[in-house]
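Annotation source TrEMBL lists transmembrane segment at C:29-50, C:56-79, C:86-104, C:110-131, C:138-157, C:177-198, C:227-248, C:283-305, C:311-332.
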Amino acid sequence: MAETPFIEARGLAKHFGGVQALAGVDIDIRAGEVHGLVGANGAGKSTLIKILAGLQRPDAGRILIDGNPVEIETPQQATALRLGFVHQELHLVPQLNVLENITLGAPKPTRLGIVDWRRVAVDVKSIADRLGIAFPLDAPVTKLSTAERWLVSIARALVRKCRLMVMDEPTASLSEVESQRLFQIVRDLAADGIAVLYVSHRLDEILDLCDRVTAFRDGRRVLELEGQALTRQALVRAIVGGEAPEALIASDAPLSREIVFRADGLRRLPMVKSVSFDLHRGEVLGLAGLVGAGRSETARMIFGADRPQGGAMMLDGKPFRPRSPVDAMEAGLGLVPEERRSEGLILEKSLAFNIGLTNLKALQVSPLLPLLRMGKRASQAEALVRRLLVKTPSTAIPVGRLSGGNQQKVAIAKWLARSLKILILDEPSRGVDVGARAEIHRIIRDLAAEGLSTIVISSDAEELPGLCDRVLVMCEGVITGELVGRGVTREAILHASYAHAQVQKSA
Amino acid sequence: AEDKLLLGLVSITATEDNNHRFIEAATKEAAKLGWEVSVIDAQGNADQANAAFQNLVQRKAGAIVDMVFPVTSLGAGIKAANDAKIPVGTWGGGEGAGIAAVNGSGGPMATPIIEKLVADLGGKGSVLLLTYHTGKVCRDREEVADAILAKSPDIKVTKNEVRIPGYFQDGAQYATAWLASHPDGSEPLAVWGCWDDPALGAISALRQQARTDVKVYGENGNAQAIEAIRKGFMTATAWQDSAQEGIVMVQTLAEAVKAGDAWKPKSVEVPAVVITKDTVEDFAKQHPEALGK
Amino acid sequence: MAENIKAGNASGRTPFSLRLSVLPFLAKYGTIIGLAIMIAVFSFLAPVAFPTVSNFVNVLNQASLGIIIAGGLTVAVIVGELDLSIGFSASFLGVLVTGLMVWVGLPVPIAILAVLLVGAFIGFINGVIVTKIGVNSVIATLGTGTIIVGLNFAYSSGAPIAMGVPDAFVNIALGRLWGVPHNVLIMVAVIAILWVVVERTSIGQSIQAVGGNPVASRLSGIPVDRVKIIAFMICGACAALTGLLLASSLGSGTTSAADGYLLSAFAAVFLGSATLRDGEFHILGTVFGALIIAVGFNGLAIFGAPTFYQYVFQGAILIVAVGLSSLGRLYAAP
Amino acid sequence: MAENIKAGNASGRTPFSLRLSVLPFLAKYGTIIGLAIMIAVFSFLAPVAFPTVSNFVNVLNQASLGIIIAGGLTVAVIVGELDLSIGFSASFLGVLVTGLMVWVGLPVPIAILAVLLVGAFIGFINGVIVTKIGVNSVIATLGTGTIIVGLNFAYSSGAPIAMGVPDAFVNIALGRLWGVPHNVLIMVAVIAILWVVVERTSIGQSIQAVGGNPVASRLSGIPVDRVKIIAFMICGACAALTGLLLASSLGSGTTSAADGYLLSAFAAVFLGSATLRDGEFHILGTVFGALIIAVGFNGLAIFGAPTFYQYVFQGAILIVAVGLSSLGRLYAAP
Ligand SMILES: Nc1ncnc2c1ncn2[C@@H]1O[C@H](COP(=O)(O)OP(=O)(O)OP(=O)(O)O)[C@@H](O)[C@H]1O
Ligand SMILES: Nc1ncnc2c1ncn2[C@@H]1O[C@H](COP(=O)(O)OP(=O)(O)OP(=O)(O)O)[C@@H](O)[C@H]1O
Ligand SMILES: [Mg+2]
Ligand SMILES: [Mg+2]
């Protein structure tokens, strides 16, 4: 491992209005190392990365490459310096196909000025294979699932031969299989002498993958660890600035016998073949499985966002046929969707606006007069922001300005102002730091104790044990396993997901 | 029906009143001659007017009338008609190579109105001319106005250019601005619109400000203007008898069709009628059609 | 694939580091400063005629109808759709209202009410074509606008309806109350209502939400199609009001009298999006936008600039007024 | 805040489950089917004059200029911006090209080249205002368009330049080669070039990418501003070409001859976005859109429909043609 760092940042500072996103941080990344970067939501990780990428100019500080100071004012300059990025948010061009998205902005071979896509495809194929991209390269990206889109985004960074690869939460939307493949690629990159900066809230993968780890808190570097000192406990303490929050322990308390919701043979091809299950009052029901299992589609059907092609649903013993999310909400359902930016939030509107949106009727002066009580809207938003530990200067700023994890918390908060019977959370702790994740879990359990039934979809097998009373494992559009109480463990979930997949394959 | 002669009317905007009156009268007259009429609304677009000419040639029309488009903007259309030996008449489009019959040249209509304006002002004061350069008729009228006003150096002229669409608002807004620098009682004042509509816009501004010291003049004599004269808001306008022009145009073209190659281009103008408060009631009796349905 | 239109430019660019405190100020108040500079310059150039109370009242009066129609368009634009039919529909409804009074003999208030309802109905049709048939709003409203021109012609055959328009109707636009022209009072009332509806009611929040992100709105339980239809209906009703006030000021219904409002309303709405808020469409912004256009027009005409300059100035005002605030935004820190 | 315009409606809706195989077909070919139906109906109504080779050549000839300007606009719209200045700029450049020949005495090819460059330059200015000053393209191009109208007045004072236009210039648009009008040949060549540029070159990819997602494009190192400016320049050059071909076919430079192209180009571009692809703007779609409009105008004129019907039909054609394909898309399976 080389001793002179490939890239160093010295005293970087950046503020947005009154928010000090970075308050003079130092970091150095060596060639051939995987350097982890951790920190609570809003700690400044993405801001550092945006500065490296030429997307934002720092207020102070400088960047050195191979010991020489460099100016990075535009993404083109970052590219010229051979810095590659997988940003925290998806950035695909919906009109273009997979291949065009992967090679976006990269120079391409041409003949007489006309792009030679066949040669481009040959070049990209090897990278696609390494990532395990199974979908055709000429598929439109709009037809891909979230996870598949992430693979496109990662492939884009890999096509350009870079000397530094920065990955901002690349695995947030991936499940075990894809994650493992990605880790292998990261290790290969490092072995080739490339410096890797790796940001994640999943501490296990940080511990697993990284040679060295830097932790940020409130825009400052609070810790740098390597070797033996690199322990989970140390990381958690650095991130939350105190002791680790207590893990929830699954209870074996008997479930309520009262069935709130029942799905019977729900079908919407090609993703969902036949899904049947019961949901009890006050239950936290996990929905696990590999990416593409059809869980999100199932949730959308229950919420009335998509129409089932077959099967039936019952709510409180009565037939339930929501024709739109409006119907579902009137019946007491809520859904925190998978894609917070495109489905969950109105980015240019304020936090108060977003949180108030699901609750407009209740904010009216009277049911007949649609005037809104703006004061109540603001105080309600403020209460929820405090409850979910959202890091924001106020509830009046556009939600798009928050850090990724804090946006996720707002997407959840907007449902907590409503009184619900059933809340469905699709990947609720994606991009959320350990502290907040524990907080979200505690809130789910509290609500369950008050009688709310919850369905939690998660591709992170670590998340469901402890949180859920019961876990259903879904695979290729059908439910293939059920785990209850103390039987809900990471190993059991993974085993159930894979077992079925293997049966399918060998069949 | 196959050998019925087809008369094509290519209108700049068939939804405008004057155009409409011409079309109706021409259609009736053509029916008397046993002709069939086809009206194409080019929606203000010279290119579409050319296309319409070509389409009519395609249909082997017997005669085509260009309504209002200046002949200079119908090169391709007139060429196609000439090649097919179809006589072309222009109503308000002016004379030009390959044109068999002309009328509705609105320019001369401005003469009596502007002369009246100068007389009413007593040869001094300020006048606001609302112009529209893009239209040939309006440009011709403006030239007439310039020539006459040049002889009265004591009349100060302000010109403002209105737009289509938007002539009412423009007329009103220009009048508002002009009135601001021409307060009540300062001097004799008048507004002239190169056709009635901008003048009517100006009238709405005058009425909103309760200004009664400003004389307003229009051209064309549409129903609204006549009504404004009756109520005393407008001083004078010149009524273009577009219906009669339509009849005359059809008759002239009928002669041209008969004469064939021997035809010599001909201009047959129908004189305009000046309408003022004094003459409006008589006029209304004689031409009830001018007041609309 | 998503929303149709967005104000602002903001391609997520990175500004230079120049970030004086004047810049955010410029971003917010750029267009207003532009208006102020314009007023100052005109007052200097035409000190007698321009900066008088009566001239300002008159300008406001002239601008009123344009503000009303632009206010309605703002609602459509906030919900993320364009409405190109407003000018044609205002023209038609100006003809219709006089026709209903003169030919059908309806009393003035009934005729007005009927026409406002027809305006809202045209908006409803636009909304249905856009949401239920899924036609892009540019094409849909261009289509309905063209059809309305045809209807207008079929109704009036192009001739203005001038005879027998009741005085009560004409007085609506021409009268004054406490020295303030009715048009101005009506405009202020309409703007106040639109502002409250958009900013302070649940339907207004829904309109903003749908314009911001229709997918997220739907998943938040907002009936997206219905909200869009309502926005189109508000827009249509405002067009109807402008059409009938125009007919009232002219004392007649004229086939294409209000067609010109389409472009000026668009200019006002987009100018307004650069005012006070970051490239967001909003009612008050539109009012400012319309005022900038009206004051510019008035000032130039008073100053007596030749036609050529008027066009150049008007074009330049648009670019400079918005440019000031955009530059402020671009180069201020985000 | 993001891109300005998007075709299509796609509010992420869920279709009914009716999913006959005819629907995706309708979605793709709806507008083309609309065109075919229109041709069939007109052939039936006007069997002698409409369905003849010479009439089709005629229609194509008439549509050519509209297709060229709409093709250029398509490029601007693909990059995510509107250009409202094209009609005014085509009018101005038609006047300028005749002025350069008649008044300045420039030889025909030089005058043409000069005017094409001026057209591209206007596009460049538009692009700079939009990207570097950050003015929304609606306002920016409305502004430059208005300024261009003023320049046009300043240059020609509104009077057409008709005397002394060289025959060589007039023959450009009016001549034929192997029986095919020059206009058609030029149009085919322009469309072919535009198609190759947009679909098969790197700059075309960048144009599509920037229009699809400017932020993603910027992150990927595409020089977003430069790409937008280039798109505006292509659009401006096409407007110039249309303006000069129009001057050639009219035999004169006329102040506002080409203004009407703005609306028809928009109609063509948005109609085209419903053709073959899912609400995406593309060159071939625009050609179809323009053809639908031209065939509609021609058929109605030949059939001799009364004015009222002409407007209603034209409006309805827009809505039905796009509606067919949108409905197909809405109710076909995702
Ligand atoms: N464009 C912006 N405008 C205003 N504030 C911003 C902007 N971008 C970031 N911030 C603020 O800067 C702080 C740091 O944000 P950053 O995105 O760097 O956090 P992060 O460490 O990446 O968090 P996460 O783990 O949630 O992604 C946050 O408080 C955020 O609200
Ligand atoms: N719009 C679409 N069109 C076609 N196929 C799609 C679309 N969206 C998703 N898919 C397919 O659906 C699968 C993902 O389905 P779904 O999101 O329901 O599963 P999931 O179990 O929730 O997995 P994930 O964790 O990816 O959300 C992907 O494999 C993808 O191929
Ligand atoms: Mg982040
Ligand atoms: Mg999912």
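Here, residue 1 is simply the first one shown, and the rest follow in order.
Glycine is treated like the rest: Cβ placed from N, Cα and C.
Keep in mind that TrEMBL annotations are predicted by a computer and have not been checked by a curator.
Only pairs six or more apart in sequence are counted, and the transmembrane segment (C:138-157) with the transmembrane segment (C:283-305) gives fewer than three Cβ pairs under 8 Å, not enough to call it a contact. Beyond its flanks by at least six residues, the transmembrane segment (C:227-248) meets 64-66, 68-69, 71-73, 75-76, 78-81, 83, 85-87, 89-95, 97-98, 112, 115-116, 118-124, 126-128, 130-131, 165, 169-174, 183, 186, 190, 194, 197, 203, 206-207, 210, 217, 254, 257-258, 261 of its own chain at Cβ-Cβ distances under 8 Å. For the transmembrane segment (C:86-104), the list of distant contacts is 69, 72-73, 110-112, 114-115, 118-119, 122, 144-146, 148-149, 151-152, 155-156, 161, 163-166, 169, 235-236, 238-240, 242-244, 246-247, 250, 252-263, 265: same-chain residues at least six beyond its ends, Cβ to Cβ under 8 Å.
Counted as Cβ pairs under 8 Å, contacts with the transmembrane segment (C:311-332) are highest for C:29-50 among C:29-50, C:56-79, C:110-131, C:177-198, C:283-305. Touching of the transmembrane segment (C:177-198) and the transmembrane segment (C:56-79) is concluded from the presence of at least three CB pairs under 8 A, sequence neighbours closer than 6 excluded. Here the listed stretches are C:56-79, C:110-131, C:283-305, and the one with the most C-beta pairs under 8 angstroms to the transmembrane segment (C:29-50) is C:283-305. Beyond the ends of the transmembrane segment (C:56-79), by six or more residues, the same chain brings 5, 7, 86-87, 90, 137, 179-181, 183-184, 186-187, 190-191, 194, 197-198, 207-208, 210-211, 227-228, 231-232, 234-239, 241-242, 245-246, 249, 258, 261, 264-266, 268-269, 272, 281-283, 285-287, 289-291, 293-295, 298 to within a C-beta distance below 8 angstroms of the stretch.
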